[in-house]
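Below you'll find the structure, written out as structure tokens, and then a few comments.
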């Protein structure tokens, strides 16, 4: 099938100004916004995700925000399914979808497709792997992965718990390494779309300033109180995907400690800042490798980006 349906992908590292640009474009009335963010999907996780306020979402509605609780799991495959359905619905209205966010795995899965024959998640197998980790430690689980799938073992770290679980899960269900299956299996790519990729890549020094400002605001408006409320409401633990989100992981570790001294709090804030910078670095690297992409230095040429997108799709 020929590519006929335009889709705008508005990408960028955390704190790069993606949402502001997307909202400015939305005001023209010919677009709908689809969030591409693995943290914004969670209800009640607002401050640490820099989620648009209820008032902002009323003015600039986003699909795929607040769709599950922090106890639930949401995969890249589910994102592709949900996003493609929304893209088709938006086109049926005569509008153009703008996918805006910084979760590069979601963008990669949409652009390149997913392996179609990998087994679905199995709750019993996953529970058995997590029980093994609880009893023997994650190093033991990682060592098992390295034995059955050396390629995955070389790629993953012991801290990559969800990726380790998925790789071992696939092996136990199929008897084959996940890396072998991924290399052999056909991809399901939505060829009916024409993707127009735009990446906001600000100067790194300026981006680091924006990240520091965002985190300072996060702490000052009650982020720790938010995480405390989440713990009480949902009985959260650090094995949940929601609690591996940058900021939440560090805050959860701090709040579960017996010693919440000033020094430990400062250490927690430093760890969150470092993790956020590392996330931005990974996002930056992936975006630079993406072909057929228009790049903008956010703080110097955002008007150029707005004008270019308006002229093309407004």
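From the backbone N, Cα and C atoms, a Cβ is placed for every residue, glycine too.
Sequence-distant contacts of residue 15 (ATP binding site), defined as residues of its own chain at least six apart whose C-beta falls under 8 angstroms from its C-beta, comprise 50, 207, 210, 211, 213, 214, 280. As annotated by Swiss-Prot, ATP binding site applies to 12, 13, 14, 15, 16, 17, 18, 19.
Per Swiss-Prot, the feature substrate binding site maps to 14, 15, 16, 17, 18, 19; the stated evidence is sequence analysis. The 10 Å shell around the Cβ of residue 17 (ATP binding site) contains 19 further Cβ atoms across the protein chains shown.
Among residues of the same chain six or more beyond the region 'Interaction with substrate tRNA' (37-40), those with a C-beta under 8 A of the stretch's C-beta atoms are 48-49, 51, 62, 64-66, 74, 101-103, 105-106, 241-242, 245-246, 248. The region 'Interaction with substrate tRNA' annotation in Swiss-Prot covers 37-40 (among others) and is backed by sequence analysis.
Residues or ranges marked as site 'Interaction with substrate tRNA' in Swiss-Prot (evidence: sequence analysis): 103 (among others). The Cβ of residue 103 (site 'Interaction with substrate tRNA') lies under 8 Å from the Cβ of 36, 37, 38, each on the same chain and at least six residues away in sequence. Residue 103 (site 'Interaction with substrate tRNA') carries neither a helix nor a strand DSSP state and counts as coil.
Residue 126 (site 'Interaction with substrate tRNA') carries a helical DSSP state (H, G or I). Same-chain residues at least 6 positions away in sequence with a Cβ under 8 Å from that of residue 126 (site 'Interaction with substrate tRNA') are, in sequence order, 165, 169. Taken from Swiss-Prot, the feature site 'Interaction with substrate tRNA' covers 126 (among others).
Annotation source Swiss-Prot lists region 'Interaction with substrate tRNA' at 162-166 (among others). Sequence-distant contacts of the region 'Interaction with substrate tRNA' (162-166), counting only residues of its own chain at least 6 positions beyond either end whose CB sits under 8 Å from a CB of the stretch, comprise 121, 126, 129-130, 138, 141-142, 145, 152, 156, 178, 241, 244.
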Have a look around residue 13 (ATP binding site) and count the other CB atoms within 10 A of its CB, chains all included.
29
Can you tell me how the residues of the region 'Interaction with substrate tRNA' (162-166) break down into helix, strand and coil by DSSP?
5 helix, 0 strand, 0 coil
Ranked by the number of other Cβ atoms within 10 Å of their own Cβ, which of the binding-site residues 14, 16, 19 ranks first?
16
